[in-house]
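Novice: Right, I'll just put the structure down here and ask away after.
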Amino acid sequence: MRIGHGFDVHAFGGEGPIIIGGVRIPYDKGLLAHSDGDVALHALTDALLGAAALGDIGKLFPDTDPAFKGADSRELLREAWRRIQAKGYTLGNVDVTIIAQAPKMLPHIPQMRVFIAEDLGCHMDDVNVKATTTEKLGFTGRGEGIACEAVALLIKAAK
């Protein structure tokens, strides 16, 4: 078994909506990013890549490459997952923590879990997504952006 950890953060800027966990969430602000700015899927992709020792999302999909401008993070997650499976890994489980003062994530979490399970080809019982605030402390608490942490457990397939 191998464990990976991922982290991502994006500042608010421009107009909404925002995309988190593949879900389009109405909000008056957008997130500044080269791709679609999906902090949840970016952190999750990093966790999975880290567990498989395949680097990180920036190495695989660099923000200096115009091909990834406005990229759909679900596509990036699926491509990373294909590479991980090619190394002989299966999924144990993933756990994602979204850190945001606003907008509220709770109503959107069930659909986030559905999308992640679809993209990883796993059961929803293998996917947990939760959200928290920082009690108005720090940049997320001041409403300057959104952060996310994720962990992933991979299992080497039997030979």
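Using N, Cα and C of the backbone, Cβ positions are placed for all residues, glycine too.
Remember, it's a predicted structure, so these values are computed and weren't measured experimentally.
Residues or ranges marked as 4-CDP-2-C-methyl-D-erythritol 2-phosphate binding site in Swiss-Prot: 8-10, 34-35, 56-58, 61-65, 100-106, 132-135, Phe139, Arg142. Look at Swiss-Prot and you will find Asp8, His10, His42 tagged as divalent metal cation binding site. Swiss-Prot lists His34, Thr133 with the feature site 'Transition state stabilizer', giving sequence analysis as the kind of evidence.
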Novice: Say you check the Cα of Asp8 (4-CDP-2-C-methyl-D-erythritol 2-phosphate binding site) against those of the recorded positions His34, His42, Thr133; which is nearest?
Specialist: His42
Novice: Using DSSP reduced to three states, classify His42 (divalent metal cation binding site) as helix, strand or coil.
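Specialist: DSSP call for His42 (divalent metal cation binding site): helix.
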Novice: I'd like to confirm something. Which of the binding-site residues, Ser35, Asp65, Thr132, has a Cα closest to the Cα of His42 (divalent metal cation binding site)?
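Specialist: Sorting the binding-site residues by distance from His42 (divalent metal cation binding site), the top entry is Ser35.
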Novice: If we check Cα distances from Asp65 (4-CDP-2-C-methyl-D-erythritol 2-phosphate binding site), which of the recorded positions His10, His34, Thr133 wins as closest?
Specialist: His34
Novice: Can you give me the Cα-Cα distance between Ser35 (4-CDP-2-C-methyl-D-erythritol 2-phosphate binding site) and His10 (divalent metal cation binding site) in Å, rounded to a whole number?
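Specialist: The Cα atom of Ser35 (4-CDP-2-C-methyl-D-erythritol 2-phosphate binding site) is 11 Å away from the Cα atom of His10 (divalent metal cation binding site).
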Novice: Other than Asp8, His10, His42 themselves, what residues in this chain have Cβ atoms within 8 Å of the centroid of the divalent metal cation site's Cβ atoms?
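Specialist: Close Cβ neighbours, site residues excluded: Val9, Leu31, Ala33, Gly37, Asp38, Val39, Ala40, Ala43, Ile146, Ala147, Cys148.
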Novice: Work out the three-state DSSP category of Asp8 (4-CDP-2-C-methyl-D-erythritol 2-phosphate binding site).
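Specialist: SS state of Asp8 (4-CDP-2-C-methyl-D-erythritol 2-phosphate binding site) = strand.
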Novice: Between Phe139 (4-CDP-2-C-methyl-D-erythritol 2-phosphate binding site) and His10 (divalent metal cation binding site), what is the CA-CA distance rounded to a whole number of Å?
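Specialist: With the alpha carbons as reference points, the distance is 10 Å.
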Novice: What Cα-Cα separation, expressed in whole Å, is found between Pro103 (4-CDP-2-C-methyl-D-erythritol 2-phosphate binding site) and Thr133 (site 'Transition state stabilizer')?
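Specialist: Checking the Cα atoms of Pro103 (4-CDP-2-C-methyl-D-erythritol 2-phosphate binding site) and Thr133 (site 'Transition state stabilizer') gives a distance of 10 Å.
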Novice: Pick from Ser35, Thr132, Thr133: which of these recorded positions has the biggest number of other Cβ atoms within 10 Å of its Cβ?
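Specialist: Max Cβ neighbours within 10 Å, all protein chains included: Ser35.
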Novice: Round to a whole number and give the Cα-to-Cα distance in Å for the pair His34 (site 'Transition state stabilizer') and His10 (divalent metal cation binding site).
Specialist: 10
Novice: Please report the distance from the Cα of His10 (divalent metal cation binding site) to the Cα of Thr133 (site 'Transition state stabilizer'), rounded to the nearest angstrom.
Specialist: 15
